[in-house]
């Protein structure tokens, strides 16, 4: 029998060999099937119509002949055989595609992938469109027009951010104005109120420049007619005596909720205390409040030690040393975080404050001493080069500054101790001068 004609039976086909042997042993009648004698079995005749049954019978008869020695057994050929494969089943594959309406919505499309046996890759895959990239601001980069709109909008947003970005100004640098309707000819324009021309400002339709000199002069005359002190500085200097010099606000502030501890309070920004001219509410920008808070924080105990440390540092400083320390109120920036309850103002002797002794005469005398040391260093004959003269001059000036500061601290401490020991019946009113 040709091995190439062997057909494997399906899973549902079966062949019961026990019935054949039982009939053969009992001497049942044989019938001729395809030129061969096989036991007669009605059940086997019903199975002959099924695919693969006749081949199975032929194979069984051949095995019987081999056992009886009628047919010689030959080696099995290892050539290929025909195999019945079950028909391919349709495979469903889910592909994700974004919805056309909203960028965040999604749809699922089911595609039947058939004809698996004919495709080399076993799958008839249709080209699926990739999800489109969703651009910011809801713009899709589908074509050139949308890309152009997106670029224009991005540039516009960048320009707005750059324009509204907070700028940092150097100390002493004037802030630009932002006038839009006053033409910078009103007193609420900082440039016009300070008697300066607008420069590098953000104002619109500006007339505060040399091109509109006639209109600017007319606006100045009108302002002076209404208020002769219109262009005077807001922070003025009043002299009540020979040594009583105070800096105060000309009109006073009108703060209500900040406690006069914010930079939009003109008194606080100018480093001057509020006075009776101010109409503020809940004011805490006073010397009494400053000293009370400083004592509660424990700074009054180490006040003298800190000043003496500054004196020693300035006396031993050299040009190679870094920038020296500056004595400041370490808790000055924490006023906003450590607000005390509002208390009635208590009158104190101004002679207890350190700024009381920093008069113009003391500053002038200390300056003259340092200038004399500088001249002496420049006229020093042993020093040959200019660099050595400058280095020596800096050393002598710093040493003289430390000596003057130490002398002022010593005298101030002695006078303060005398005030604590001696009772004072007449205490002058609180002074508003600062250093």
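Heads up, the Cβ atoms here are built off N, Cα and C, so glycines get one too.
Record features (Swiss-Prot):
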| type | residues | note |
| --- | --- | --- |
| REGION | 73-136 | region 'Disordered' |
| COMPBIAS | 102-120 | compositional bias 'Polar residues' |
| BINDING | 177, 179, 184, 189 | Zn(2+) 1 binding site |
| BINDING | 184, 198, 203, 206 | Zn(2+) 3 binding site |
| SITE | 188 | site 'Critical for interaction with target DNA' |
| SITE | 226 | site 'Interaction with DNA' |
| REGION | 235-250 | region 'Linker' |
| BINDING | 253, 255, 260, 265 | Zn(2+) 4 binding site |
| BINDING | 253, 267, 274, 278 | Zn(2+) 5 binding site |
| BINDING | 260, 274, 280, 283 | Zn(2+) 6 binding site |
| SITE | 264 | site 'Critical for interaction with target DNA' |
| REGION | 415-435 | region 'Disordered' |
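Shown here: features listed in Swiss-Prot, placed on the structure.
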{"residue": "179", "record": "Zn(2+) 1 binding site", "contacts (Cβ under 8 Å, 6+ apart)": "186, 189, 201, 203, 204, 206"}
{"residue": "184", "record": "Zn(2+) 1 binding site", "contacts (Cβ under 8 Å, 6+ apart)": "177, 191, 192, 198, 201, 203, 206, 207, 208"}
{"residue": "188", "record": "site 'Critical for interaction with target DNA'", "contacts (Cβ under 8 Å, 6+ apart)": "182"}
{"residue": "226", "record": "site 'Interaction with DNA'", "contacts (Cβ under 8 Å, 6+ apart)": "none"}
{"residue": "255", "record": "Zn(2+) 4 binding site", "contacts (Cβ under 8 Å, 6+ apart)": "262, 265, 278, 280, 281, 283"}
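Taking Cβ-Cβ distances under 8 Å and a sequence separation of 6 or more, the neighbours of residue 264 (site 'Critical for interaction with target DNA') in its chain are 258. Report note: the Zn(2+) 6 site is defined by 260, 274, 280, 283, and the residues of the same chain whose CB lies within 8 Å of the CB centroid of those residues, excluding them, are 253, 255, 259, 265, 267, 268, 278, 281, 282, 284, 285, 286.
Residue 267 (Zn(2+) 5 binding site) sits 7 Å from residue 253 (Zn(2+) 4 binding site), taking the Cα positions as reference. Cα-Cα distance from residue 274 (Zn(2+) 5 binding site) to residue 260 (Zn(2+) 4 binding site): 8 Å (rounded to the nearest whole number). Neighbour count (other Cβ atoms within 10 Å of the Cβ, all protein chains): 20 for residue 280 (Zn(2+) 6 binding site). Computed over the region 'Linker' (235-250), the whole-number mean pLDDT of the model equals 55. Cβ environment of residue 260 (Zn(2+) 4 binding site): 253, 267, 268, 274, 278, 280, 283, 284, 285 lie under 8 Å away, each six or more residues apart in the same chain.
Listed in sequence order, the residues 178, 182, 183, 185, 186, 188, 190, 191, 192, 198, 201, 203, 206, 208 complete the 8 Å Cβ shell around the Zn(2+) 1 site centroid, once 177, 179, 184, 189 themselves are left out. One way to see the shell of the Zn(2+) 3 site is to take the Cβ centroid of 184, 198, 203, 206; the remaining same-chain residues with a Cβ within 8 Å of it are 177, 179, 183, 189, 191, 192, 201, 204, 205, 207, 208, 209. Residue environment of residue 177 (Zn(2+) 1 binding site) contains 21 other Cβ atoms, counted within 10 Å of its Cβ in all protein chains.
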